[in-house]
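Report on the structure given below.
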Amino acid sequence: MGTQLSPAEVREFQETVGVEIAPDILTRALTHRSYAYENGGLPTNERLEFLGDSVLGLVVTDTLYRTHPDLSEGQLAKLRAAVVNMRALADVARELGIGRYVRLGRGEEATGGRDKSSILADTLEALIGAVYLDRGLDEASELVHRLFDPLIARASGLGAGLDWKTSLQELTAAELLGVPEYVVEESGPDHQKTFRATVRVAGQTYGSGEGRSKKEAEQQAAESAWKAIRAATEKAKQES
């Protein structure tokens with residue numbers, strides 16, 4: 001790709017996402033910092049990502065507030081976290097095929113950056129920010145609803161998934177396995193860190209997770225562990 005997306009690339013992307021965005025803003029939304037640094041310091045998508053994160057949070061929070069008048073602030077926060085997290089955003093980005101349009105540097109390209117969850121999630125937020133900047137809040141809100149309303153509906157019926165750490169601790173206590181232990185590692189620049197967590201129960205690693213915060217990574221790891229332990233205990237009961 002050159003410094004700008006070609007007209008054909010712009011049309012193809014707009015048809016994929018279902019929204020029109022000015023080519024220069026769209027190009028910026030798809031420009032990862034690795035590509036920018038390798039091409040003379042072009043503008044990156046990080047400012048648009050910052051903007052899109054806020055727009056996404058606002059629309060999802062507003063929807064949850066209006067559709068769940070019976071829930072407390074804490075319950076609403078857990079619902080929002082189940083919808084707005086790196087894994088969920090990356091999954092939506094994969095469904096849209098955003099990875100093939102991201103402008104990456106050679107290093108990121110070589111290490112599978114087009115399917116890296118952190119890059120996909122960041123790019124989706126930058127895209128939402130671009131729609132807001134170019135088309136306004138109404139169209140940005142429409143895009144968020146189209147992409148995330150199914151996740152919001154699923155989150156409302158998650159049960160254990162609203163707080164995987166608590167659910168995991170309850171499960172391990174019931175199975176007399178002891179208290180889960182978490183180990184968290186971080187990588188990336190200070191303003192854009194990625195956290196990776198692993199969880200051990202009774203000396204055995206049961207799950208891992210990745211997120212933009214320690215809390216998010218631990219929740220993802222707890223989810224993996226909860227599902228693994230639940231499956232193992234169900235299998236043991238069937239065999240006994």
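We number each residue from 1, going along the chain as drawn.
Placed from the backbone N, Cα and C atoms, the Cβ positions cover glycine too.
Annotation source Swiss-Prot lists active site at Asp53 (among others), citing sequence analysis. Just so you know, the Cβ of Asp53 (active site) picks up 20 other Cβ atoms within 10 Å once every protein chain is counted.
The Cβ of Glu125 (active site) lies under 8 Å from the Cβ of Leu48, Glu49, Gly52, Asp53, Leu56, Leu89, each of which sits 6+ residues away along the same chain. As annotated by Swiss-Prot, active site applies to Glu125 (among others).
Feature annotation from Swiss-Prot assigns domain 'DRBM' to 163-231.
Annotation source Swiss-Prot lists region 'Disordered' at 205-240. Long-range contacts of the region 'Disordered' (205-240) within its own chain (CB-CB distance under 8 A, at least 6 residues past either end) are made by residues 81, 85-87, 117-118, 121, 160-161, 163-165, 167-168, 171-172, 175, 177, 180, 182, 184, 186, 193-199.
Positions annotated as compositional bias 'Low complexity' by Swiss-Prot: 219-228.
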Counts by DSSP class (helix H/G/I, strand E/B, coil) across the domain 'DRBM' (163-231): 32 helix, 23 strand, 14 coil
DSSP-derived structure type at Glu125 (active site), helix or strand or else coil: helix
